[in-house]
Amino acid sequence: MDPQRSPLLEVKGNIELKRPLIKAPSQLPLSGSRLKRRPDQMEDGLEPEKKRTRGLGATTKITTSHPRVPSLTTVPQTQGQTTAQKVSKKTGPRCSTAIATGLKNQKPVPAVPVQKSGTSGVPPMAGGKKPSKRPAWDLKGQLCDLNAELKRCRERTQTLDQENQQLQDQLRDAQQQVKALGTERTTLEGHLAKVQAQAEQGQQELKNLRACVLELEERLSTQEGLVQELQKKQVELQEERRGLMSQLEEKERRLQTSEAALSSSQAEVASLRQETVAQAALLTEREERLHGLEMERRRLHNQLQELKGNIRVFCRVRPVLPGEPTPPPGLLLFPSGPGGPSDPPTRLSLSRSDERRGTLSGAPAPPTRHDFSFDRVFPPGSGQDEVFEEIAMLVQSALDGYPVCIFAYGQTGSGKTFTMEGGPGGDPQLEGLIPRALRHLFSVAQELSGQGWTYSFVASYVEIYNETVRDLLATGTRKGQGGECEIRRAGPGSEELTVTNARYVPVSCEKEVDALLHLARQNRAVARTAQNERSSRSHSVFQLQISGEHSSRGLQCGAPLSLVDLAGSERLDPGLALGPGERERLRETQAINSSLSTLGLVIMALSNKESHVPYRNSKLTYLLQNSLGGSAKMLMFVNISPLEENVSESLNSLRFASKVNQCVIGTAQANRK
């Protein structure tokens, strides 16, 4: 029998589903080789698609006017299975749009031919009973059976063709309905989105309107409170207005009274102006007289200082310090002056005994007394304030334009540094001449500012150690740097001397001066000697350059004030062995004695009016050249020790001071322009 293609096979050749179709029972006998997929596997494959398709109806419920397609007709089941079993059950009205689109876009697949049944297999009987097996020789019976079977197969094929046609019609209707439902669903979803957007917009507008209403209600409440407050304030302002009106009336009455008084005052002012002009003229005349009196005071002050001598010598004896032996009675005597004990002492008597001298009887010779007379002698009980009171007028001469030089001379440990700088601890009673002199200058300059004078002060502080000039105001990195300090003239043809690489610090108050003195005290060279635990081994020179100006009269003056603390010296026993430290002290002593000898030679040369004064023989005298000349005022403090062991050195110092006191260097000249 020629095998014919079944309509179901044609459908399978044109449509290939991704999921197995609904199993349909068939009455065709099974072929020799059964299909590989079992019915239960086909049902399992359909389950996900069924759930997805049915889920569409559960998720989105769409109401449509299209009629539903009737369900597929159930195909009666037969003993065998054919390719019609692969037709899907999801061809009803619930098929999704995805299945319909997949069916439409599938490419046709070649039809699978129906396998021929084996010759050994005999299909079952229609009644379910097995036909009896014919003998092999009954070919006619076998042919009849085959013809009957063929007839039944043709009838079943015809029935299946009809069923297949019905299924195809139902499938087309379902696909059309799915497509229409998909279109309608898309339209409804778009409409739903618009409606939802409009609803959300309406909700937002409603929310905004409610917030606006709340805000307006709050503003209304605030405005009502403000209106009440303004009404209250209006009442207060009306009360205040009535009060101000009454005050205005009172002010108008007082204004009329004031205008009358003003007229009287204007007449009085005119009279006062005339009187002021007269007073101004009188004040100008008084200022002229005051200026003349000030110049006369300066002249008389200078004349008084000249009468006292341009070189004056004061002697000061320091007190005995704790731990030192008490000097014998009569070692130092201070005879009274011509006016009796009330006059300040000006004489000093020193007693010296020489054990090498004796009488013919072998008894020691009586002590020898040495009498000295100076401009002023300060006993051990004299305080720092008493000492400064004697030199205050001399210091003030520096403001008048006269160069002034004050220096302390004496042996090591005689109190020179104490006299010039003061004692440690910052006790005001122990302040030396330098801080007291500057305080006095600042005070007098402040008083003279009322007469039109303005002063400026520039300080410098150097030491001369072994004929080397060092800056005592060097700080930080400036110490030991910048080269050696040298004494130079300020400019070509200038008589003013300056120290290179040294600091010149403007000062205007006591605190600045105290800071400079503290710094210099730390930098000064000191060493232990036989006479003093800390002995100054250098000459310290504090110089204050004073510049004054009277701008309205065009007057200028300027002069240096030099305050010098000379180095102390002591004699070394030549019989002692000199170690490294003693050799260094010996070189220092030689340099100190050399500079002090040069200072004495300079003073003697000035006193003798010699043509050549050896200023350059020593750095000390060269630096003080402008303060030692004929135009300067000079004061020498000779400091001596009260101890008996220092009598020899004290006697040498007093003899040197006595020679200086006998010198006269001429009349001082003020530096004025």
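Any Cβ shown, glycine's included, is placed from N, Cα and C.
Quick look at what Swiss-Prot lists:
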type	residues	note
BINDING	GLY410, GLN411, THR412, GLY413, SER414, GLY415, LYS416, THR417	ATP binding site
COMPBIAS	60-86	compositional bias 'Polar residues'
DOMAIN	310-663	domain 'Kinesin motor'
MOD_RES	SER6	phosphoserine
MOD_RES	SER26	phosphoserine
MOD_RES	SER31	phosphoserine
MOD_RES	SER33	phosphoserine
MOD_RES	THR359	phosphothreonine
Counting every protein chain present, what is the number of Cβ atoms, excluding its own, within 10 Å of the Cβ of THR412 (ATP binding site)? 21
Taking the domain 'Kinesin motor' (310-663) alone, what is its mean pLDDT? 84
Winner by Cβ contact number (other Cβ atoms within 10 Å) across the binding-site residues GLY410, GLY413, GLY415: GLY410
How many neighbouring Cβ atoms, not counting its own, are there within 10 Å of the Cβ of THR417 (ATP binding site)? 25
Its Cβ having more other Cβ atoms within 10 Å than any other among the binding-site residues GLN411, SER414, the winner is SER414
